[in-house]
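J.: Before I ask anything, here is the structure I am working with.
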Amino acid sequence: MVSITLPDGGVRTFPRGTTGGQIASAIAKSLGKAALAVKIDGKQRDLALPVEQDCRLEILTRESPEALELIRHDAAHIMAEAVQALYPGTQVTIGPAIATGFYYDFARSEPFTPDDLVKIEAKMHEIVNADAPFTREVWKRDDAIEHFRSIGEKYKAQIIEDLPATETITIYRQGRWYDLCRGPHLPSTGKVGHAFKLMKVAGAYWRGDARNEMLQRIYGTAWRTEKELADHLHQIEEAEKRDHRKLGREMDLFHVQEEAVGSVFWHPKGWALYRTLENYIRTKLDAAGYVEVRTPQLYDSSLFKASGHWDMYGDNMFKIRESVAEDGTEKFLGVKPMNCPAHVQIFRQGLKSYRDLPLRMAEFGNCHRNEPSGALHGILRVRNFTQDDAHIFCTEDQVGQEAKEYFALQLGVYKDLGFDKIAVKLALRPDVRLGTDETWDKAEESLRVALRANDLEFEELPGEGAFYGPKVEFHLTDAIGRSWQCGTLQLDFQLPERLDASYIGQDGARHRPVMLHRAILGSLERFIGMMIEHYAGKFPLWLAPVQVVVATIVSEADAYAQTVAETLRRAGLRVEADVRNEKINLKVREHSLAKVPVMLVVGAREAEQGTVAVRRLGGKDQEVLALGDAVARLKDEARSPAGAETVSPAF
């Protein structure tokens with residue numbers, strides 16, 4: 001007999017070899033029908049596999065968080081079967097579940113077309129309706145390689161050849177079709193349901209290597225219910241309308257081009273937005289006791305070798321060969337991918353005492369990372385970016401209070417910027433790590449206490465911390481429900497040791513400071529791209545690149561319009577005067593497309609009376625105000641949440 005511990009703590013005994021599916025049915029017939037898979041001691045397994053030893057067991061159903069990954073994994077297999085049924089000779093490679101769906105890479109001489117996707121999707125529905133069971137088989141390694149080569153599936157043969165010799169080779173069948181797969185799978189194709197859709201075809205190199213063959217990747221999405229699918233498709237449609245690249249052009253904020261791949265050309269209006277955000281963060285940091293620094297871009301490789309980045313992060317760095325010695329030894333420089341080693345260099349200048357701690361060092365640091373060209377995306381994923389980076393050097397006893405204060409600062413910033421749905425995750429010690437268990441216990445508990453002190457609910461992620469310390473991640477939900485990982489706080493016990501940072505403690509001896517890596521926005525470029533999509537370009541007045549446009553109805557009001565614009569400018573507002581000889585409806589339409597929050601419409605009457613007609617973006621009504629009243633109201637509305645002293649950059 002085996003003892004099964006259930007999620008509620010109850011213990012049941014079953015004959016050794018009882019399957020997960022049989023256990024589910026024994027608990028309740030309805031559970032047996034709803035079961036999709038099981039988790040045994042935290043690992044997912046097929047329902048049909050026997051349970052051979054005592055364990056903790058959880059029955060996974062369609063409502064389980066893990067269900068979507070299982071559904072999407074099976075949908076990828078069903079799509080591959082459909083493709084090979086419709087287009088014989090197509091070779092299959094890999095097909096995983098991903099964040100919102102699945103994909104499968106195919107080797108085929110003819111390109112897939114939109115019409116092909118319609119046919120493949122229809123065939124997938126047929127396969128689901130057939131409700132063929134998924135069955136698991138274990139094959140001998142050599143037999144599997146020989147078999148796949150014999151049927152022309154060279155990619156599958158390569159995958160098996162590259163697996164460790166100890167790896168069990170498993171094949172899953174669904175009807176007459178089969179594929180190499182570790183599993184687990186649902187009981188049958190019918191359990192996938194019909195809430196799926198094929199989305200697009202893209203190119204992909206075999207194993208992600210540009211030196212290999214180009215394959216065709218078909219992307220799909222799959223969900224538990226038709227409603228979830230419809231909601232997701234609506235979100236995609238809404239995201240296309242909000243695409244920061246499209247709005248960036250319409251609002252004249254920035255552009256990117258091939259001659260500077262992965263870098264942003266900020267236009268005057270976009271740079272005004274950038275500087276407004278930067279100045280806001282700077283004001284918040286000043287109030288929180290940070291000192292701002294500026295560090296170089298280019299360093300001798302010795303610094304990055306000492307910090308560990310040359311070995312651990314070297315492939316993502318831009319390197320410059322500076323010289324070659326007579327013996328052939330090459331000397332390299334590295335463009336910094338992050339700011340932390342440089343901040344340690346500043347900390348090391350001069351003797352530091354425990355009285356100097358905590359030291360909060362901030363920088364709007366310009367960094368470069370050698371991202372693959374295929375991964376670049378507008379300003380959301382670039383090679384050259386600026387981080388609102390800071391490092392807090394403190395004692396171990398100060399970690400909890402510093403984390404608490406940082407979380408409060410971070411949450412305040414997100415609220416000011418319009419984000420109130422925040423998921424917090426605490427990544428805990430990995431198996432391979434530096435430091436003692438006692439140090440990790442203290443660090444992890446300090447972060448827990450700090451999170452609770454800010455009334456933050458958080459999810460713990462065992463094993464997902466960095467090898468040098470635990471990490472807190474902040475995930476923001478935007479206006480259409482997408483999640484973005486932004487801020488982080490990471491404890492680092494390693495870098496101060498590697499780069500020989502120390503302070504004199506109360507005992508007169510040298511000690512290593514704890515280093516807290518933290519960023520609120522992360523990359524400013526990425527955060528601005530995210531905000532453009534979150535607000536659909538309709539920024540609150542204080543952030544808007546152009547806050548006010550003064551538009552004339554008749555040419556007789558041109559001089560007055562310029563006077564109004566100058567008055568607003570002196571009040572600190574970002575303003576344009578539109579005195580073109582065009583109809584007012586055209587001006588309204590164009591400035592609405594540019595997402596200008598406020599238009600002040602002036603004609604002969606307004607010029608004579610010293611008034612303006614205030615028109616809000618998206619509104620149909622106008623409010624006539626005296627110029628002085630309008631300026632006072634708009635100045636107050638445009639006040640930065642960081643305080644009245646924040647400068648409003650002109651463009």
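Glycine is no exception: its Cβ is also placed from the backbone N, Cα and C atoms.
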J.: Out of His377, His391, His475, which is the one Swiss-Prot records at the Zn(2+) site of Cys340, His517?
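T.: The record-listed residue among the candidates is His391.
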J.: Per DSSP, how many helix, strand and coil residues does the domain 'TGS' (1-61) have?
T.: 14 helix, 23 strand, 24 coil
J.: Which residue, out of the binding-site residues His391, His517, shows the minimum number of other Cβ atoms inside 10 Å of its Cβ in this structure?
T.: His517
